[in-house]
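K.L.:
Can you read through this structure? Questions will come right after.
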Amino acid sequence: MTRHDATRVIRAATGTTLTAKSWLTEAPLRMLMNNLDPDVAERPQELVVYGGIGRAARDWESFDAIVAALTRLDEDHTLLVQSGKPVGVFRTHADAPRVLIANSNLVPRWANWDHFNELDQKGLAMYGQMTAGSWIYIGAQGIVQGTYETFVEMGRQHYDGNLAGKWLFTGGLGGMGGAQPLAAVMAGASCLAVECRRSSIDMRLRTGYLDTWTDSLDEALRLIEESCTARKPLSVGLLGNVADVLDELLLRGIRPDLLTDQTSAHDPVNGYLPQGWSVEEWDAKRVSAPKEVEAAARDSMANHIRAMLTFHALGVPTVDYGNNLRQMALEAGVDNAFDFPGFVPAYIRPLFCRGIGPFRWVALSGDPDDIAKTDAKVKELIPDDAHLHRWLDMAADKIAFQGLPARICWVGLGDRHRLGLAFNAMVRSGELKAPVVIGRDHLDSGSVASPNRETEAMADGSDAVSDWPLLNALLNTASGATWVSLHHGGGVGMGFSQHAGMVIVCDGSEAADKRLERVLWNDPATGVMRHADAGYAIATDCAKAKGLDLPGILR
């Protein structure tokens, strides 16, 4: 089992020449490779895409075997991938998924980091995060709009909709957290983001998600103060330990205007630098003494949350951004760790009730012009949504593509299938140079059960019911998605979530039209269904307006 190979440099093919037998298998092949592009993945030589140890394949041998299988699949074959390893090719039918993926799933009694790590070390499992092991990660852009929407809503609720002259404090500039600085600036606020790895800071600078950096807190605060005074948003990366910096801000009596965190706290061994440790010591002991790392990290997380709770008590709008930091602190003895809310119940759930979530698409041509044309098509088909148009304009201006050109765009039930059909028509007519794939984050309205994040504080108490993502995966499979994934532990770690993903190819065919209409209606409709079942009036109204047939819910 080879987990590290510094000689491997993977990039997706572009253009219209196929390596596989059809676009329906070429697409997952290119997206797997795109996940490991050096401009996309955090540690591609280790197959790590983002989120601590979120991998695209179990090991390099499995990666090569997946590639070989995808290149030989026929139009009625389905490849099965078990925790990053290809385990079977079966004859199904042309409208079945070409790939079915299950990552990190454990029987609940054994669904914890200790058991998973034991399996992982034996080469029997792989942590797929959400979009790492499901081959639809698009770099930091994948979360930037959701983060932007959250910050805009924080501004609306706490500062009358105006974040000019305000600043956000946060931690973590990895594959997910790296979206925060740009999202804050796009929302009108400055951002001070603490990151312990210089390489992560450098990647955000290189890809345009971060404006500048320093290793001096004094310099960072000076830059933030100047930007706020001038009301010109600026993002500053600070090399350091976020828990240490928060303690220092409290000592100095300095209060940010907004506070959150996106370190990889979900993984106490691989995701969080303990206070007082160097990165080099941490990296060495993650392998040689993982229990020591975990204990030290949990102590630091407790301190981190205590500082956030202090700011919260002082009136600073404080929110958990879904990394399970509060849970880790609770287990370390901070009994009131959940005194401040998670971002979904506080700011995002009304969108989920209407099936609105992180719709994304990728141009397999590799040509950015294909994304520009699809951006224009979105505006044409959704002409009256000024907020969406503003997002698309900002994205075109400020977001650098990582790997294959892509776009994230939060739209919901009734719009997703229209966009999919329009994109397919553009491929068919030759307006787009090659097919596009349409997917989403597993963080969506009907595809995840995560009591400390997406399903926190559900109205009916059904936070932990995980039937919903299972039904979502089954329905997307039946509807004809090109590949479907079912994962455990993404975002918040082992034992705390189950979630499903889907990707579908617009190859220009009439058969694709039928699949797109089914999948891109049914997928967001499960989110409306799930929230209607939980008693949300917004969701029941949406379900009635869209004519959903929900016999046990709408009576």
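Cβ coordinates come from backbone N, Cα and C, glycine included.
Pulled these from Swiss-Prot:
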BINDING   51-52, Gln129, 175-177, Glu195, 262-266, 272-273, Tyr321, Gly491  NAD(+) binding site
ACT_SITE  Cys409  active site
K.L.:
Would you kindly give the Cα-Cα distance separating Cys409 (active site) and Thr263 (NAD(+) binding site), rounded to the nearest Å?
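P.N.:
With the alpha carbons as reference points, the distance is 24 Å.
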K.L.:
What is the total of other Cβ atoms whose distance to the Cβ of Met176 (NAD(+) binding site) is within 10 Å?
P.N.:
31
K.L.:
Could you state the whole-number distance in Å separating the C-alpha atoms of the residue listed as 'active site' and Tyr272 (NAD(+) binding site)?
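P.N.:
Computed Cα spacing between the residue listed as 'active site' and Tyr272 (NAD(+) binding site) is 30 Å.
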K.L.:
Within 10 Å of the Cβ of Thr263 (NAD(+) binding site), how many other Cβ atoms are there?
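P.N.:
Taking all protein chains shown, Thr263 (NAD(+) binding site) has 30 Cβ neighbours within 10 Å.
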K.L.:
Tell me which residues of the chain lie with their Cβ under 8 angstroms from that of Glu195 (NAD(+) binding site), as long as they are six or more apart in sequence?
P.N.:
Gly171, Gly172, Leu173, Gly174, Gly177, Ile201, Gly237, Leu238, Leu239, Gly240
K.L.:
According to DSSP, which kind of secondary structure is Tyr321 (NAD(+) binding site) found in, if we only use helix, strand and coil?
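P.N.:
Its secondary structure by DSSP: coil.
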K.L.:
Report the same-chain neighbours of Tyr272 (NAD(+) binding site): residues 6+ apart in sequence with Cβ closer than 8 Å to its Cβ, ordered by sequence.
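P.N.:
Spatial neighbours, sequence-distant, of Tyr272 (NAD(+) binding site): Thr263, Ser264, Ala265, Ala297, Ser300, Met301, Met328.
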K.L.:
For the recorded positions Ala265, Cys409, work out the Cβ neighbour count at 10 Å and name the residue with the minimum.
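P.N.:
Each of the recorded positions Ala265, Cys409 was scored by Cβ atoms within 10 Å; lowest is Cys409.
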